[in-house]
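Enquirer: I'd like to ask some things about the structure below.
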């Protein structure tokens, strides 16, 4: 029974891996082609490209961590550190770019008369750049803290390159990484949550104005509000599941529960894979491109299956 569940879980992980690479690859490819043809990119397209690239990297790093048990006897402690730091880098930018996307939707769609809101809306691109540059400071602080802690605790493993030593070092890296990721993800998560509630407030005010004017609630502004809210809700839920899966995976690893670890791996891959698909469905340009690709593939398959006379 365990072997059957293990096989099913492996198939699901591979499917998420392929789907995540395809969906994020579509975002990168479509926007890069537009960049080549039009010679410019909007702020939204720039955020989407960087977010998709970071998620492709995160998917690969997550898969690499999943197979580390099979490679544990053939890799060094330094290589394990490289894997962990690459995972931290991808996860960091995936979170902050998604937060920047939520902020962009808030200021581009919401209608507020507050002076500070109007000022930030006017300087939206500058605000996004400052947010991402500020996040680099959090990333540097995170890496420095882990590096210092590792240097202090590494002496007990110095000169010991056995499998048990590497496993102990990997467990130590996992423990510190999860703790730091949880601490340093509080601020971007709160920013995304604040953007979500402010957008709800903006939608509520907009619907009130529509009712006072006896107009329908299917105008473009209402549709844009609901579309952005759907993207934000999916991001918040999927990222919460992602963090919880990392924590549960760490506990399962300490208790040597491989099945729970695999289930958590499936959950952690949902965030970079499924949310990118939701972004495609919520973006008219990307949605049309994906439909064109599907129609083209359907025609190719139909022509191949049609018998020739």
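We count from 1, first residue shown onward.
Cβ coordinates come from backbone N, Cα and C, glycine included.
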Enquirer: Does Swiss-Prot give residue 79 and residue 125 the same topological domain, putting them on the same side of the membrane?
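Expert: Topo match: no.
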Enquirer: Here are some residues: 111, 180. Which is flagged as N-linked glycosylation site in Swiss-Prot?
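Expert: Of the listed residues, Swiss-Prot records N-linked glycosylation site for 180.
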Enquirer: Are the transmembrane segment (128-148) and the transmembrane segment (262-282) close enough that 3 or more Cβ pairs fall under 8 Å, when only pairs 6 or more apart in sequence count?
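Expert: Contact absent: fewer than 3 Cβ pairs fall under 8 Å.
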Enquirer: For the transmembrane segment (128-148), could you work out the same-chain residues 6 or more beyond its ends whose Cβ comes under 8 Å from its Cβ atoms?
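Expert: Same-chain contacts beyond the flanks: 43, 47, 85, 88-89, 92-93, 96-97, 99-100, 103-104, 173, 176-177, 180-181, 184, 187-188, 191.
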Enquirer: At a C-beta cut-off of under 8 Å, are there same-chain residues at least 6 beyond the topological domain 'Cytoplasmic' (103-127) that contact it? List them, or none.
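Expert: Counting only partners 6 or more residues beyond its ends, the topological domain 'Cytoplasmic' (103-127) has Cβ contacts under 8 Å with 43-44, 47, 191-192, 195, 198-199, 202, 205-206, 221, 224-225, 228, 231-232.
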Enquirer: Using Cβ atoms only, which residues of the same chain lie under 8 Å from residue 180 (N-linked glycosylation site) while being at least 6 residues apart in sequence?
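Expert: Expected: 88, 142, 145, 146.
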Enquirer: Considering only the recorded stretches 8-28, 47-67, 82-102, state which has the highest number of Cβ pairs under 8 Å to the transmembrane segment (183-203).
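Expert: Against the transmembrane segment (183-203), the leading stretch is 82-102.
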